[in-house]
Amino acid sequence: MTAERVIGVIGGSGVYDIAGLEGATWQAVETTFGAPSDELLAGYYDGVKMVFLPRHGRGHRFTPTSVPYRANIAAMKMMGVTDLVAVSAVGSLREDYAPGDFVVVDQYIDRTFARAKSFFDTGLVGHVSVAHPTCARLSALCAEAARKIGVTLHEGGTYVAMEGPQFSTQAESELYRSWHADVIGMTGMPEAKLAREAEMCYACVAMVTDFDCWHPDHDAVDVAQVVATAIANADKARNLVAALPALLKGPAETCTKGCTHALDGAIMTAPAKRDPEVIARLMPVMGRVLKG
Ligand SMILES: CSC[C@H]1O[C@H](OP(=O)(O)O)[C@H](O)[C@@H]1O
Ligand SMILES: Nc1ncnc2[nH]cnc12
């Protein structure tokens with residue numbers, strides 16, 4: 001299978017736009033899961049189509065819980081995105097991951113509990129594997145882009161996704177450290193799980209903004225700290241994103257890591273028992289396996 005390569009970027013705290021997209025326009029997209037966080041900015045960079053969406057909306061309107069994750073992923077899929085890169089601000093849970101460093105996340109511990117985490121629903125049941133929740137191929141290219149622009153990079157890291165919006169207690173922070181998690185944030189899940197259900201390659205580039213609240217030599221995290229570090233590093237994040245098209249040129253092919261076929265054999269509901277309304281809702285997201 002080949003398709004036009006389309007790079008999607010979801011910007012986190014401090015990253016509400018990307019510069020230099022040719023012919024860029026903000027476009028409203030309505031999905032069968034409602035409206036995404038904002039309009040999507042679509043254009044071309046280096047001859048490659050790119051689509052950008054600010055996760056919390058321009059002006060940061062959505063809490064980590066109220067971000068419309070399903071609509072965001074559905075909108076990216078409808079825009080033809082094949083390779084989705086998430087940019088996120090995170091707290092560090094280890095001494096050697098310092099504010100200003102970048103981490104290409106490869107594992108998650110999902111502690112969120114108040115969000116819709118799947119496109120599937122009563123009437124159409126499916127189970128995908130998230131044993132390896134990010135695409136190793138796209139993650140390696142993000143790491144290459146990070147090296148090109150010269151940021152301090154940690155390739156691989158486990159991200160604890162907490163519900164928020166309050167930051168962690170010290171006991172929680174120590175608990176996550178005892179689990180050998182590396183960074184903490186509030187938005188990495190269910191985003192990664194939904195991208196897998198939508199059969200898109202997904203990578204997460206996390207930007208360390210603070211030491212959460214476990215570090216004896218640093219104040220407990222607050223928004224001012226996160227925002228100051230995120231803004232100071234936002235240009236690095238934008239430069240990293242701008243380095244991606246050169247690394248991802250050419251048509252998108254079947255992902256050798258399996259992302260583009262994550263739904264093969266995943267649907268359990270017998271064809272005769274599938275709910276037509278649920279099928280209609282899921283069609284824009286997983287039409288490949290639902291079409292007739
Ligand atoms: C502003 S501090 C907490 C906020 O920042 C991170 O968001 P994102 O992942 O979108 O960069 C964190 O997950 C919280 O949502
Ligand atoms: N310490 C922290 N905890 C949760 N989310 C964050 N985002 C940035 N820093 C964070």
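Every residue gets a Cβ built from N, Cα and C, even glycine.
Just so you know, TrEMBL annotations never went through curation; they're auto-generated.
Note that the coordinates shown come from a computational prediction; the quantities given were computed from them, not determined experimentally.
Features reported for this protein in TrEMBL:
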type: BINDING; residues: Ser13, Arg55, His56, Ser88, Ala89, Thr187; note: phosphate binding site
type: BINDING; residues: Met186, Asp210, Phe211, Asp212; note: substrate binding site
type: DOMAIN; residues: 7-243; note: domain 'Nucleoside phosphorylase'
type: SITE; residues: Ser168; note: site 'Important for substrate specificity'
type: SITE; residues: Val223; note: site 'Important for substrate specificity'
Study note, to complete from the structure: The largest Cα to Cα distance in Å among the residues Ser13, Arg55, His56, Ser88, Ala89, Thr187, listed in the record as binding phosphate, is 12
Study note, to complete from the structure: Ordered by sequence, the long-range same-chain Cβ contacts of Ala89 (phosphate binding site) under 8 Å (at least 6 apart) are Gly12, Ser13, Gly14, Gly185, Ala206, Met207, Thr209, Val226, Thr229, Ala230
**Study point:** Under 8 Å by Cβ from Met186 (substrate binding site), counting only residues of that chain that are 6 or more apart
**Key:** Pro64, Thr112, Ala161, Met162, Glu163, Gly164, Pro165
**Study point:** Distance-selected binding-site residues near ligand 2 (C-beta under 6 Å), from Ser88, Ala89, Met186, Asp210, Asp212
**Key:** Ala89, Met186, Asp210, Asp212
Review point. So which binding-site residues out of Ser13, Met186, Asp210, Phe211, Asp212 are up against ligand 1, CB under 6 A?
Key: Ser13, Met186
Exercise for review: Determine the Cβ neighbour count for Asp212 (substrate binding site): the number of other Cβ atoms within 10 Å of its Cβ.
Suggested key: 24
Exercise for review: For Arg55 (phosphate binding site), just give me the three-state DSSP call.
Suggested key: coil
Practice item. Could you round the CA separation between Thr187 (phosphate binding site) and Ser168 (site 'Important for substrate specificity') to a whole angstrom and send it over? Key: 14
Practice item. Could you name the residues, excluding Ser13, Arg55, His56, Ser88, Ala89, Thr187, of the same chain that surround the phosphate site, i.e. Cβ within 8 Å of the Cβ centre of those residues, in sequence order? Key: Gly11, Gly12, Val15, Pro64, Val87, Gly185, Met186
Review point. Of Arg55, His56, Ser88, Ser168, Val223, which recorded positions come within 10 Å of Asp212 (substrate binding site), going by C-alpha to C-alpha distance?
Key: Ser168
